[in-house]
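Trainee: So that we are looking at the same thing, I have put the structure below in structure tokens.
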Amino acid sequence: MTKGLSASNLTSTSNVNTSNKQDFIRQLWLTTDCVCFDVDSTVCVEEAIDELAKFQQVGALVEAITRNAMGGNMSFRKALQARLNLIQPTCQRLEQFLINHPPQLTDGIAELINLLHEQKIPVYLITGGFHSIVDPVAKNLNIPLKNVFANQLLFNDDGTYVGFDEDEMTSDSGGKGRVVEYLKNQYGYQRLIMIGDGATDMEADADGFIGFGGNIIREKVRDGAPWFVNSFYTLIDELQTDARTSVSHHQTLPTKKYPTTIKAN
């Protein structure tokens, strides 16, 4: 992998014409010093809160709140609060949900993260979802739990739902951008890449953004992302091709693709 290139040494994407924006991001991808992934519909196939709502038999009501929030009629925090008040995810029901409906990893994500780890690139998960659902995913992918930024559900002693931790950066609008800013300030990353399917990922103010449409294609992201991919194997191929070019050593790109599920602890 090519090293020694910082985002400041490259022309900002805002100053690059449309035809060259993808080349810019592809070059940044090959020199990244940090990769952040969204989780729902990106690392994992489904949207966990929607599936949890269906499990609690309030799917349609929660979906209506989500549409209202996406229309700009309420903040992310208020929408999250309203949805969770409907879902009422007790400890017992949440545990049963994870047993019955374990998160399913997207094709290629395990191989991609393993490749990034081999190349000593730190990986983070940034999501508006919940630690109780996301942390087992991180463990399965060998991502340290300190590298997971998600929301924390709060329960009473008897396991009933009481709320969520509003001090988490991801608990309100613009949270992903605050996490990105924190990581850059804390660790000095200069070529931080954000990968995700949603507008909040695209607007997180990373050094580079790669839109992902492997599970769902959102038109705003597809049209606005400087580089939009439908498979993680595209990103794997870029890294392996660059590595082969750098060291003149051929590696075999994995061709077997299969769904992976995470078992509840």
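Backbone N, Cα and C define each Cβ position, glycine as well.
Reproduced below are the annotations present in TrEMBL:
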- ASP38: active site, nucleophile (ACT_SITE)
- ASP40: active site, proton donor (ACT_SITE)
Trainee: Within 10 Å of the Cβ of ASP40 (active site, proton donor), how many other Cβ atoms can you find? Include all protein chains, please.
Mentor: 24
Trainee: Sequence gap of 6 or more, Cβ distance under 8 Å: name the residues on the same chain that satisfy this around ASP38 (active site, nucleophile), in order along the sequence.
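Mentor: For ASP38 (active site, nucleophile), the qualifying residues are LEU125, ILE126, THR127, LYS176, MET194, ILE195, GLY196, ASP197, GLY198, THR200, ASP201, PHE212.
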